[in-house]
Amino acid sequence: MTCNKNVGISASSLHTKLLKNVFLPMISGLNEWNSSEINIDERKKMQGENFTIWSIFFLEGFSQYPRLEVVLFIFSLVMYLTTLLGNSTLILITILDSRLKTPMYLFLGNLSFMDICYTSASIPTLLVNLLSSQKTIIFSGCAVQMYLSLAMGSTECVLLAVMAYDRYVAICNPLRYFIIMNRRVCAQMAMVSWMMGCLTALLETSFALQIPLCGNLIDHFTCEILAVLKLACASSLLMDMIMLVVSILLLPIPMLLICISYIFILSTIPRISSVEGRNKAFSTCGAHLTVVILYYGAALSMYLKPSSSNSQKIDKIISLLYGVLTPMLNPIIYSLRNKEVKDAMKKLLGKIPLHQTHGCL
């Protein structure tokens, strides 16, 4: 009996030690590791789907200001239609007019096409949601919207640097301009711009959409990547590193190249002998520089500003202005002081049979 009792006591003490020193720490560690998964599993049961992403998102947009939504709808609609008309016209005249078959207008046509794609990715959804009580977007629509916005914005960053280099060659090396900037080189530079923008956008979008989200209410009027990442259950070091590398690749580096190009340009323009040549250089460079300031000003104010309680409201206002105002102004800026574009526009309008219009009246 004593032996059995001692064996029972030792077994009991061994069991207690194992429970206290091995299993309890293991269970607590598993609980901590799975703490972020509990809410996701609950959402799986609520949705009845076997994945950790939401099938539908709610866009908060400007729902906090219902009286402002009608005004924003009219403003966005007018700006969007003007953007489509202006950029489509600019693309058309660069294709039809033989005098505009130069590298600058090739890049300008690409820029106009990007502006059409960028606005068409987000503004139609915004217009529908401004007049709808249910401001929703499905997962696939959110993914496409995020990708197109990132791709067009990233491509424009690179293309603006390419256009600055084009202006540098045209002004600083005018005799060798068409040798350096031949059709093959221009096509390659445009292709590299598109590839860099699309690939970096694909990388960011694919990683962003794999992160588990602890909600489906996006505090924005589009599926903007920063607004979506704010719903993440936990911060992702890999995603943060990707965003940092892409931001450095597409913001400071192109800006540095643009600044270097314009340092040489501004030092060369005063040495141009003819007044007409100086005026033409100032007009083309002034238009490009205005677009650069508008674009990078909006981008830097969104991604490099300090966070605050009102940061999301400011983000939405800046995104709206950038999404509808900047693409609308680009063709106006490039055609306002550009005699070649004005002449091509007059030539295009002169081909329209006005008698058909009068006949309709």
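The backbone N, Cα and C atoms fix where each Cβ goes, glycine too.
The domain 'G-protein coupled receptors family 1 profile' feature in TrEMBL is assigned to 86-334.
Annotated transmembrane segment per TrEMBL: 70-93 (among others), in sequence order.
Per TrEMBL, transmembrane segment is recorded for 105-131 (among others). Sequence-distant neighbours of the transmembrane segment (105-131) (same chain, 6+ residues past either end, Cβ-Cβ under 8 Å): 59, 61-62, 69-70, 72-73, 76-77, 80, 83-84, 87-88, 90-91, 94-95, 137, 141, 144-145, 148-149, 152-153, 155-156, 159-160, 162-163, 166, 186, 189-190, 193-194, 221-222, 291, 320, 323-324, 326-327, 330-331, 334.
Counting only same-chain residues 6+ beyond the ends of the transmembrane segment (137-165), those with a CB under 8 A from a CB of the stretch are 53-57, 59, 104, 107-108, 110-111, 114-115, 117-118, 121-122, 125, 189-190, 192-194, 196-198, 200-202, 204-205, 208-209, 222-225, 228, 246, 250-251, 253-255, 257-258, 261-262, 288, 291-292, 295-296, 299. What TrEMBL lists as transmembrane segment is 137-165 (among others).
Per TrEMBL, the feature transmembrane segment maps to 185-203 (among others).
The feature transmembrane segment is assigned by TrEMBL to 241-269 (among others).
Sequence-distant contacts of the transmembrane segment (281-304), counting only residues of its own chain at least 6 positions beyond either end whose CB sits under 8 Å from a CB of the stretch, comprise 104, 111, 153, 156-157, 160, 163-164, 167, 170-171, 226, 247, 251, 255, 258, 262, 265, 269, 272, 315, 318-319, 321-322, 326, 329-330, 333-334, 336-338. Summarising the annotation, TrEMBL assigns transmembrane segment to 281-304 (among others).
Annotation comment: TrEMBL describes 316-336 (among others) as transmembrane segment.
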